[in-house]
Every structure is written in C-alpha cells, then in structure tokens.
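> The structure under discussion is supplied below as structure tokens; questions concerning it will follow.
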C-alpha cells in the first residue's frame with residue numbers, strides 16, 4: 001500500500017521518517033530502517049537479497065534447464081513488503097507479454113514480461129472510455145503450450161450526445177465522443193456571443209458547459225461614448241457595428257485610436273483616445289527658436305520638437321537632448337549659456 005504523501009521531510013510527522021520516492025507511490029513518508037521479510041527460494045531456483053531495508057533488491061534466478069517466470073527483481077517498499085509477486089521457475093511452459101488492447105491497460109507491473117500458468121490479469125479502459133465485454137485474461141496450457149485466453153472487451157469513447165443548437169444558430173461536426181470538438185455558428189443577421197467551440201469531456205459533458213448565444217445584431221447596443229477632454233466623440237448610432245470617431249479642439253493632438261467600433265460584447269473596441277495640449281513657443285535670451293513655418297501662431301503641437309540656435313559665444317544648455325512638447329509642457333526649458 002502507499003504511505004503518506006510528501007514533498008519534503010518536514011511533511012512527515014515523525015523525525016524517524018524521510019520523504020523518499022517509493023516506486024509507483026511517488027514521494028512518501030518512509031521509515032528507512034523498516035525491514036521487509038525474508039524470501040524463500042523458488043522451486044528449482046534461488047533468490048539473492050542485497051538487503052532487507054527500503055530500496056534493497058531481491059534478484060531471482062533459475063537452475064539450468066528452467067525458465068524464470070515473473071519479475072526478475074523485486075524492491076523492498078516503504079510499507080515493509082516486496083514489490084510484485086514471487087517469481088517461479090518453470091520448464092518452458094509460461095505466458096509471455098500480456099495482450100495489448102487500444103485504450104486499455106491491465107493490472108500487472110509494466111516491467112513483467114513473463115507470467116506463470118493460471119495467472120489472471122484484469123483489464124480496464126483508459127480515462128474517457130467505457131468498458132464493454134469480459135475484462136479478464138488467463139494464462140492456460142493446452143497441448144503443452146501456454147497461451148492467453150481473453151480479454152474480450154472493447155473500449156468505446158464516452159459520448160456527450162449531440163449538443164443542443166442555440167436559437168438562430170447551429171453547430172458543425174458530427175463527432176460527439178470523448179475528445180471531439182464542435183463549432184457554433186449563427187444565422188445571417190445574428191452575432192455569436194460566448195465561446196464558439198466546445199469539447200467533449202471524459203465524464204460525458206460538453207465544456208464549456210454554457211452554450212453560446214446568437215444575438216440579433218440590432219439588439220446589441222454600446223454605451224454612449226464620452227467626449228475626451230478638449231475633444232469630441234462623433235457618432236450617429238450606438239448599435240452593433242456602428243463607428244465612433246474622435247476630433248480634438250483646434251491646436252490639440254489626438255493620441256490613440258481615431259475610430260472605435262461597437263462589438264457583440266456591447267463594448268467599443270480599443271481604448272478611448274486623448275487630446276494632448278500644444279506648447280507655447282518659449283523665448284530664449286541670446287538665442288532664437290527654430291520651428292516649422294506651418295506652426296500656428298506661437299504654439300507647437302504635442303509630440304513635436306524645437307531646435308535652439310544661440311548667438312555667437314553662446315551654446316544651448318542641453319546640446320544632446322531634444323526639446324519636446326509633452327501635453328502642454330516642454331521636456332526642459334532652453335537656455336543659451338556663455339560658451
């Protein structure tokens with residue numbers, strides 16, 4: 001059996017226990033000095049132990065002319081028992097690898113490749129599949145030859161059933177079993193709201209559990225768009241697919257998306273833009289400002305830059321950094337200093 005799970009030694013209540021990997025059980029609280037029992041030699045064979053503490057091995061071998069059936073090696077587990085079952089020595093009558101079936105597994109250890117007569121294995125289908133038929137396989141000897149008889153099962157993927165169609169919509173695809181996907185579509189004049197794809201789960205349900213809806217496009221309406229500071233939102237409708245555009249007051253610069261569209265989620269696309277203020281052209285003692293001739297009056301638009309030209313024997317205070325207008329404020333105030 002598997003012991004208490006852990007991730008480090010602190011998870012184990014007793015100081016005598018350590019957090020160690022216990023085979024298929026994973027990280028578990030193990031008492032390292034706990035012993036596994038002595039093992040008897042198989043008939044016509046022998047077993048050699050490397051020890052009887054946790055992690056020690058028991059290795060089986062057979063006398064000449066005999067064949068080892070079962071696990072060649074067993075491990076001392078954390079519960080004080082040896083893994084698997086005792087090996088046997090047989091005179092060449094045994095079953096080899098167990099039958100493999102699609103989407104199914106048996107209860108033997110994966111490293112076991114030989115099995116004694118009368119061994120019974122139980123099969124079960126993988127997660128998401130239903131078992132139909134007789135699930136056992138047995139090793140039998142007929143005419144001095146060993147063979148597996150069974151299992152006689154089939155593993156069928158679980159069905160989620162045909163999904164319901166939304167009003168004014170439909171789904172595509174005719175696969176309704178575990179792992180299958182179905183897509184949803186709407187009739188003309190309707191817009192899909194929600195996830196357009198659902199997947200059949202192992203428990204026989206569709207995910208997401210909520211089916212999408214088909215909404216009449218004229219029934220979708222976005223909230224009235226707000227005017228940006230120092231600007232205006234221009235629109236004729238707030239219904240689905242309508243467009244709002246933005247303009248700024250004279251001299252201000254629009255930063256962001258100039259247009260936005262009303263979507264099926266009743267929200268305008270993107271983010272509302274902003275109107276950034278211009279900067280007043282500064283006066284510079286012992287110098288002059290150079291700017292584009294089309295700049296209006298004494299203002300420079302947001303984001304534009306100026307150049308400073310100083311008189312002889314003077315130079316700008318920041319020769320490398322450009323003078324940039326940022327929403328009505330200059331990045332720094334220019335000066336001409338003695339050279």
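Glycine is treated like the rest: Cβ placed from N, Cα and C.
Below are the features I grabbed from TrEMBL:
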- 62-89: disulfide bond (DISULFID)
- 248-275: disulfide bond (DISULFID)
- 1-33: domain 'WAP' (DOMAIN)
- 27-91: domain 'Sushi' (DOMAIN)
- 93-157: domain 'Sushi' (DOMAIN)
- 158-216: domain 'Sushi' (DOMAIN)
- 220-277: domain 'Sushi' (DOMAIN)
> Which sequence positions outside the domain 'WAP' (1-33), separated from its termini by at least 6 residues, show Cβ-Cβ distances below 8 Å to it?
53-55, 75, 77-79, 83
> Reported in the order helix, strand, coil, what are the DSSP residue counts of the domain 'Sushi' (158-216)?
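Taking the domain 'Sushi' (158-216) as a whole: 0 helix, 26 strand, 33 coil.
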> Pop the Cα-Cα gap between residue 248 (disulfide bond) and residue 62 (disulfide bond) into the table, whole Å please.
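On Cα coordinates alone, these residues lie 94 Å apart.
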> Counting by DSSP, what is the helix, strand and coil composition of the domain 'Sushi' (220-277)?
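Helix/strand/coil tally for the domain 'Sushi' (220-277): 0 helix, 23 strand, 35 coil.
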> How long is the line from the C-alpha of residue 248 (disulfide bond) to the C-alpha of residue 89 (disulfide bond), rounded to the nearest angstrom?
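The separation of the Cα atoms works out to 93 Å.
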> Looking only at 62, 89, which of these disulfide-bonded residues has the biggest number of Cβ atoms within 10 Å around its Cβ?
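Of the disulfide-bonded residues 62, 89, the highest Cβ count within 10 Å belongs to 89.
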